[in-house]
Structure formats: structure tokens, C-alpha cells
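S.K.: According to TrEMBL, the record shows the following:
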type     : residues : note
TRANSMEM : 33-52    : transmembrane segment
DOMAIN   : 61-186   : domain 'EXPERA'
TRANSMEM : 64-83    : transmembrane segment
TRANSMEM : 103-125  : transmembrane segment
TRANSMEM : 137-156  : transmembrane segment
TRANSMEM : 168-187  : transmembrane segment
DOMAIN   : 217-343  : domain 'EXPERA'
TRANSMEM : 219-240  : transmembrane segment
TRANSMEM : 269-288  : transmembrane segment
Amino acid sequence: MDIPPLAGKIAVLSLGALPLSFALNYVSLLSYPLGVVLMSTLILGLLSLAIYSLSRSDIYYDPLYAVFAVFAFTSVVDLLIALQEDGYMAGFMAFYTKEGEPYLRTAHGVFICYWDGIVHYLLYLAMTGAIRKRKSYRNFGLYWLGSFIMSILVFLPGNILGKYSSEIRPTFFLTIPFLLVPCWAGLRVFNQTQVPTCCTPNMVEEDQRKGLLQRPVDLALIIYLIFAAFFTLFRGLVVLDCPMDACFVYIYQYEPYLRDPVTYPKVQMLVNMFYVLPFYGLAIYALIFPGCSWLPDWALAQFSHMGASMHLRTPFTYRVPEDAWASFFVCNLLYALGPHLLAFRCLWRPAFFLRPPPGPPAHHEKQH
């Protein structure tokens, strides 16, 4: 998989968020929630016009260029919020977390901002760079889509259902485009032509003839997915107040963060149980039976839950106990890395997942 060059023009434009956020922090109008939402709308509108005027040909080639450029700007804003909330800088986005989205001051909100401000930001620069060079960015787009949607599926319901539900401000409704635009962007990314692989029909046939024992990497992934599925189901039962002794011990001695009234961890576990768990079952099927060409397109990411469990903004009673920290860290790290290793395996040796070539196999042809 080729790594596209980063878009320098978008990087420079997005860094304009630094002086802008610093100046807006001293505007008296932004001490009111309505002023924050009006100013945010105005800035996004002016930013969209600037991107359109500077990169008209790129937007005509692929409209997602404008989407990724705007999101790159908001990613820098998110990074500023995270750095300010952790005390690494001051005087930038205090007005926004106070009057705009106060739930960003939670441990989960801070780590969501870090993830968006670092990982998503690099993805936006890579994807806009690929569009400028007229190259494919489908794999990067699919990874971004899975990560972005997983974050939104946890963050938005957590805001509504958790203890910050009474502090929802008009700025919350600016998240509506963040729900609709990724759906449209996702359809465009999925419909892009897949990058041709270097696998010949003979390679596909040879890989798909191998049994599971002849594919040790796939066997190891299947074993991992089985354990991950049980772990996902178990933690889902824990947040549903399952009366089993094991659930009681786990939530009080290993992961008390699941009881945090901010509700983000509960929503995360339920999303995992009803969305990630079926995916694990489908992935096991695709690793056993050849020709499941849909598997390489599905990659998931988990980051914020593990970090929020240990963040200082999480109340002490809900943090991971010191004696359980090592086991908690290892389990969650493996849980987060597993889907990435699965995606890497699909990109590394895709022949097993390709559809078998039509016609009779090569070794059945008559020799002359």
C-alpha cells in the first residue's frame, strides 16, 4: 500500500486555527452559548469558501477534498482543546469548552480530541495529498471512516445519556453535519475502485487451497478473535448489571471506570457487543472460508476508552486500581491492536480473500 504525500497547503491552512482560536478567546461575544454557535458557523462558512477558492480544481476532481480540508482544521482545534485541558497550554479554547461543549472536559472528551487532533489529522493530510496527486486513498479512507464512526457512536449518545445531558448547548447541533457528512463520504470511499493487487490467478488458487493449519497467521488471528469475542460479550454483560460474581468482581476490582456516570464507557461496551461482536464472528468465518472479499474493507479502531480509564480527570474511585493496572493495560492494548493486525494481514496477503478466478484452474488445462 503506497503512502500518499501529505497536503502542504491544507496543513498551512489548518494551522491557522492557532492564532484564530487565541484571538477568539478574548472576544466578549463568545461568553454566551449562542454567540459561540454563531461564530463557529461563520468560521466554518468562511473556511469552506477559502478552501473552494484555493483548491477549486481538486474539489471538482473529488468533493471529499473540501470535506477533509475542513475536518483538518477542526482537528487542530480539537488538539488545542486537549492540550489546554491537560494544562500544556492556556488562552486558546477555554471559551469553547465552557460555553460550547463542556463535555469535552471529561477524560473521554480529552482523549477523543487527542485522537482526532493527531491520527485523524494525519489521515486528512494524507487523503487530501492523494487527491492532489490523483492517487487512490481508499484504504486510508476506510480506516478513517471506521475510526470516526466508532468515536461518534460512543460520544454523541454518551453526551445525551450521561451526567452532562443537562449541559447540552446550541453548539451540540453543529454535530449533525458530522453525522451526515461521514455517511456520504463513506459511500463515496466504498464506491471507489479498489487498488489492483499483484496476485495472479495461480497465487489466488494456491492460497485458497491451503488448509487452516497451513496458515499459522490466520489460525493465530482466529484464536485471538475467539478470545476477543468472549471478552466483548463479558464486558457487555458487565455494564448491563449481570448478577454473576465474575461480573461483580471485574467491575469493582479491574475496571471500575465502567461505572462512571459520564456513560461513555457503558455506551462503548454496548456498541462493542452489538456491532464489534458480530464483526468478529464474520471475520472468523472469512479467515476459514476463502473468497470473502469484503473482509479487507472492514477495519475498526479503539483508543479513547483505555486512555480515559487512567486519565486524571476520571474520578479516583472509577480509575483502574494500581494492582490491576498491568492486566488491564495488556488486555485493552491487545483488544485495540487485534483489529489493526487483522487489517494488516488482509492487505499483506490478500490472495486468500479474493474471489476465485472464473474458468477451470490452470493445472487442468491440456498440455500440448
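Keep in mind that glycine also has a Cβ here, set from the backbone N, Cα and C atoms.
Please treat TrEMBL annotations as automatic predictions, because they have not gone through curation.
Predicted, not measured: the structure shown is a model, and the values here were computed from it.
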S.K.: Take the C-beta pairs under 8 A between the transmembrane segment (64-83) and each of 33-52, 103-125, 137-156, 168-187, 219-240. Which stretch has the highest count?
M.R.: 103-125
S.K.: Take the domain 'EXPERA' (61-186) and average the pLDDT across it for me.
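M.R.: Overall, the domain 'EXPERA' (61-186) comes to a mean pLDDT of 87.
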